[in-house]
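What follows is a set of notes on a single structure, which appears directly below.
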Amino acid sequence: MAGSDLLLAGVLFLFAAVIAVPLASRLGIGAVLGYLLAGIAIGPWGLGFISDVDEILHFSELGVVFLMFIIGLELNPAKLWRLRSSIFGVGAAQVMLSAAILGGLLMTTGFSWQAAVVGGIGLAMSSTAMALQLMREKGMSRSEAGQLGFSVLLFQDLAVIPALALVPLLAGSADEHVNWLTVGMKVLAFAGMLIGGRYLLRPVFRFIASSGVREVFTAATLLLVLGSALFMEALGLSMALGTFIAGVLLAESEYRHELEIAIDPFKGLLLGLFFISVGMALNLGVLYTHLLWVAVSVAVLVAVKMLVLYLLARLYGLRSSERMQFAGVLSQGGEFAFVLFSLPASQRLFLHDQMALLLVAVTLSMMTTPLLMKGIDKLLSRRLNPADDTGEAPWVEDDKPQVIIVGFGRFGQVIGRLLMANKMRITVLERDISAVNLMRNYGYKVYFGDATQLELLRSAGAEEAQSIVITCNEPEDTMRLVEMCQQHFPHLHILARARGRVEAHELLQAGVTQFSRETFSSALELGRKALITLGMHPHQAQRAQLHFRRLDMRMLRELMPVHTDTVQISRVREARRELEEIFQREMQKESRQLDGWDEFE
């Protein structure tokens, strides 16, 4: 692809994403499906703006590579070892059972047994990119279902290696003699990567960090990720597996969070590019001519994988609600099918349009997953939050809540306990099923659901409640809820959790005045105790704390109009100097009144 063509393709990708993804999110079908639809629109079977799909699809696999690196950073070797039974137990069982059933069904439709074996293995794999993205969106990452799902995906990545080696054998094109010297060299190279990464990565990053130049640190991170991927590809292994191992090796390092911050923007853009490329690869010509076959095959593919996954989750001991999420999020075909089915040896096994039909089925199965997960969420909402006898709004009881709490993590739990201790009627909305089940065991009135859905808020009693407390982890969810409540429930008193000053500024701009910065009060309290240990009178330390709170809040409000402007840095420095001067004057005045107590809002 020429340079000008590449630039044009980049502009088209960005334009399609900017238009399609917000529309998809507004329609409630999720960003992933928005990317896929954008790809169909600009691809060769849509408006035809881009025709070189294979090259772009190969490049866009870097999105999965970056994602696996970040996942590796979140897992240390000890945690990975604890997952070994689910990786090699549930993961292996899922691949073998799904491949056997799907391969057998392919043989009944005219596939040779060799093509059916390759097809069954390819269809048994799930989309790592889509599954992990959806698990994060649904808050499943830290749940038991999410951990089991990740284990299955990791085994599938490991299974890529023997699957690629199997295809030439089935096609009858494998060498008669195995070059054991080459195999041994690859094993030694892989072992060298593990040992070198274990002992060299941290000193190298320590040296780079000592330069104090952030851009160099970002460049080193990109070099590590892309270098690991290239090295593994040269060995004939999965690129994603290589970057995952690099991430695990750095999971316990002091640079873990800085690495994640450096990689995250690239990961998001490249993942979007990957989903757009998958949409572009959808062959609508094959779909039109074999519509019935494709429709049935997609339905069978999703149903078989869901059934296998659900049964394995039951044997593993997951709760029924988590089984459905686990089965749904892994029910699609995956990106590995594009690699496996496109091998020259594979192309000799498939007849006529068989390969194209399988790829269309895989692509469409990926498009069903966001819709399937949306349906599962609604089903679980009805099951976990049963309707009352009147048949009116689901699961609303006669004693209407006074307060709705959105999010019941550690922050939300403290608020809920305080309100319940004072006999306040609360309703809690939480989208992590494991948290819902756990809190219900302790007597909390917690309900499963995504509070950014308007109907769910209505069902929770937002029209009758007096206040809503928003404790979401994601700032985007917080601001979406604020906007929704202001538009549809203007009577509600909105109280919100702010993770830092930037989010506090956004809340102030939105008109929310009742918010709490999650670490601010606890940091002030610890600072007050530090002043006492340094010899300050307890009353004076208390007054110092109150003065600082008042002045900091004043500065927060004054800086709110310019928090996104280029003048922010100079204004912050000016405000800091002013804060120090006022603080010194106040403390000199109050030093003569050690026993006084003031209240500041």
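Note: Cβ is positioned from N, Cα and C throughout, glycine not excepted.
Going by Swiss-Prot, these are the annotated features:
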- 400-519: domain 'RCK N-terminal' (DOMAIN)
- 4-24: transmembrane segment (TRANSMEM)
- 29-49: transmembrane segment (TRANSMEM)
- 55-75: transmembrane segment (TRANSMEM)
- 87-107: transmembrane segment (TRANSMEM)
- 115-135: transmembrane segment (TRANSMEM)
- 177-197: transmembrane segment (TRANSMEM)
- 207-227: transmembrane segment (TRANSMEM)
- 230-250: transmembrane segment (TRANSMEM)
- 268-288: transmembrane segment (TRANSMEM)
- 291-311: transmembrane segment (TRANSMEM)
- 326-346: transmembrane segment (TRANSMEM)
- 356-376: transmembrane segment (TRANSMEM)
Best-packed against the transmembrane segment (4-24), counting Cβ pairs under 8 Å over 230-250, 268-288, 291-311, 326-346, 356-376, is stretch 268-288
Counting CB pairs under 8 Å, which listed stretch among 29-49, 87-107, 268-288, 291-311, 326-346 touches the transmembrane segment (115-135) the most? 326-346
When you check the transmembrane segment (291-311) against the transmembrane segment (356-376), do you get at least 3 Cβ pairs under 8 Å, counting only pairs 6 or more apart in sequence? yes
Leading stretch by Cβ pairs under 8 Å, where the reference is the transmembrane segment (268-288) and the options are 29-49, 55-75, 87-107, 207-227, 326-346: 29-49
Out of 87-107, 207-227, 230-250, which stretch has the largest tally of CB pairs under 8 angstroms to the transmembrane segment (55-75)? 230-250
Spatial neighbours of the transmembrane segment (356-376) far in sequence, C-beta under 8 Å, 6+ residues away: 28-30, 32-33, 36, 119, 122-123, 127, 130-131, 134, 138, 278-279, 281-283, 286-287, 290, 293-294, 297-298, 301-302, 324-325, 328-329, 331-334, 337-338, 341, 350
Model confidence over the domain 'RCK N-terminal' (400-519) (mean pLDDT, whole number): 83
Mind checking how the domain 'RCK N-terminal' (400-519) divides into helix, strand and coil residues in DSSP? 50 helix, 26 strand, 44 coil
